[in-house]
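Step one of this worksheet: look at the structure below.
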């Protein structure tokens, strides 16, 4: 299988071929996901919840992210490696550049930033310096307290238009990828059509360019009630590898997400 690059993700978009993405936090699971043909691996600050047991992603530090990035970078071969900037890494431009540079040195190939249109100057500064950026819009978990919980975003027309406008602004500033979380399926489609870069969705409907899930949801080990957009692909299968392959195939054939996974 070919190595996945940003150019390849763009080719997937233009060919209308959905691509699969999955979180990974260590070398072993990265090897399994890579071998299963998962196109993008994300070292997400979700590790704060699924690995460290926190109630949110806010306590995750840059050192935490760097440790897991190095682990995943050693385990993967062909998948593109995307990595989260932790909470408040974008407090000012200097810190943003330093933290993003540290992630790239650790093995990141795409740096993900949560926020909204106000990030455009930071995105511009990063891309000027050769750091590829994924802009995370919609439900941004680092803003959970501002949102008042993990709630679907963009239900109202004004909010939906703001997200579309933010996506356009951030792509104009240089963002290479947009990630949409927990928005109505119609908004996912609208953002996909509004920008010429790949749009990855998690709870954003079936008509975005790629899908991402947290690995723990895919193999059914999430504590408590799983999110609506998740599916246990290990159920009825005998290995984690088979679960990852089933997820990949379901995304490629547009069988996932189904209507019950959408807002």
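Backbone N, Cα and C atoms are what each Cβ position is placed from, and that goes for glycine too.
The active site, proton acceptor annotation in Swiss-Prot covers 181, and the record cites sequence analysis as its basis. Marked as 3-methyl-2-oxobutanoate binding site by Swiss-Prot on the basis of sequence analysis: 45, 46, 84, 112. What Swiss-Prot records for 45, 84, 114 is Mg(2+) binding site.
Other Cβ atoms within 10 Å of the Cβ of residue 46 (3-methyl-2-oxobutanoate binding site), summed over all protein chains shown, number 20. Residue 181 (active site, proton acceptor): 22 other CB atoms within 10 A of its CB, across all protein chains.
Neighbour density at the Cβ, taken as the number of other Cβ atoms within 10 Å, is lowest among the binding-site residues 45, 84, 114 for 114.
Around residue 112 (3-methyl-2-oxobutanoate binding site), taking its Cβ as the centre, 23 other Cβ atoms fall within 10 Å, counting all chains. Across the fold, the C-alpha of residue 84 (3-methyl-2-oxobutanoate binding site) and the C-alpha of residue 114 (Mg(2+) binding site) stand 8 Å from each other. Sitting within 8 Å of the Cβ centre of 45, 84, 114, and not among those site residues for Mg(2+), are the Cβ atoms of 44, 46, 57, 60, 85, 86, 87, 112, 113, 136, 141, 142.
The CA atom of the residue listed as 'active site, proton acceptor' is located 14 Å away from the CA atom of residue 45 (3-methyl-2-oxobutanoate binding site).
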